[in-house]
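What TrEMBL says about this one:
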DNA_BIND  21-40  DNA-binding region
BINDING   Gln116, Lys187  biotin binding site
DOMAIN    69-260  domain 'BPL/LPL catalytic'
Amino acid sequence: MESTRKQLIDLLKEQDSHISGQQLSEALDISRTAVWKHMNELKKDGYEIEAIQRKGYKIVSSPDKVSKNTLQWGLNTKWIGQHLYHYPQVESTQDIVHQLAKEGKPHGTVVIADEQVKGKGRMAREWHSPEGKGVWMSILLRPDLPPVQAPQLTLLTATVLANVMDKRSALVPSIKWPNDILVHHKKVAGILTEMQAEQDRIQYVVLGIGINVNQEDGEIPSMIAHKASSLKMESGEKWDIQEFVQSILSTFEKTYDSFIEEGFQEIKQEWERYGYKIGEKVTISTMRRDFKATLLGIEADGALLAKDEQGEMEKLYSAEIHWGEGGYHA
Ligand code: BT5
C-alpha cells in the first residue's frame, strides 16, 4: 500500500500532462478502482487533483501541510526517509524513534511531528515545539561505528543544517559548539543525539533535530526570547517546511554517506567554516580554572580546541563558555 502510493506520486510527478487511470492501473498493477481510491487519499492529504474524462489525472497543486505523502513527494533519497512517520501531535519524536528502533526498523527511518508537547533538549531540558511552526524530527541511524565516534554525528548534523540554511536563504548561520545553530547570535535550531550502545559498537542512534522555522515575533516564549529566534523572524520570509525538510534529508544522506566512506576530515573543515567565534577570543570556565582563550576548532572526538594566552592548548569537552558581548549565553 505504502509503496504503491509512493509510486503513484512518482508517476504523477513525472507527467506534464494528464495520465489516464488505465495507464496508472497498468503501471502500478492495480485495479482502476484502486487507482481511484489512492487519488481520494491524496486529495485528503491536500493535493489538488484534476480528473478529466478520457484524459486522466493531473496534479494541479500540492499542499503546504506536512504529511507522509507530501514529504515523500520528490524526496530523492536512497535510504533516508524511505520509512517515514508523520504525526500531528506527539510527546517527543525521540521516544517514538527509540520504540521503532527496538522494533527493528531500518537505518534512515524518520519520525516528524507538527507539534511536540514534551519536546526535549539535552539533560532533560525542555524544547518548545509549537504546532506547524518548525521542524520537529528524529532520525534513526544504525552506523557501524564505535561509540566514541557518536559525537561526530552531532557535528555532521550541524553542518548539514547550516549548509541547507545557507543555500536556501541569505542568512549566515553559524554553529555554536557543540550543537546549536545560531543566526544573528540567536539560537534557531538544536540537535539532540541519543545513543544505544554496546561496549565497542553503536546499536543505534536517535538524532533529534529541532528548528524554529515560521514563528513570528511574540511566538517565542518570553523566557528564551532574548536568545532564541526563528528563520522567518531573521529572514523576514515564510519558509516552506516540506521543501526544507526534503533538502535537509537529502543533504544529510549525501553528507553521511561521504562521512562513512571518507571519514571526518571534511565534516571538521565544514564545521569550522561555520563555527561560531572560531578564531576569536572568549572566556572559558572549567572545573580547574577560568581563562581567556582563542577558539581554534574541533577535534575528531568532538572536543572544542582552545589556546590560552600563554599558548597552552586546552581540549574542552564540557565547559562553560562566555560567548561575549552581544553573544549567546546558554
Ligand atoms: C537542544 O538542547 O538544543 C536540542 C533540541 C532538540 C530538539 C529536537 S525536536 C525533535 C526531537 N524530539 C525531541 O523531543 N527533541 C528533539 P539544548 O542544547 O539542551 O537546549 C535546550 C535549551 O534551549 C532550553 O533549555 C531552552 O533554554 C532553549 N530552548 C527551548 N526551546 C527552544 C526553541 N524552540 N528554540 C530555541 N531555544 C529553545
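Placement of Cβ uses the backbone N, Cα and C atoms for every residue, glycine included.
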Original post:
Near Gln116 (biotin binding site), which residues of its chain come within a Cβ-Cβ distance under 8 Å, counting only those 6 or more away in sequence?
Top reply: Gln89, Val90, Glu91, Ser92, Thr93, Trp127, Ser129, Trp136
Subject >> Neighbouring C-beta atoms (10 Å sphere around the C-beta of Lys187 (biotin binding site)) >> reply: 20
**OP:** For the domain 'BPL/LPL catalytic' (69-260), would you mind checking the mean pLDDT of the predicted model?
**Re:** 96
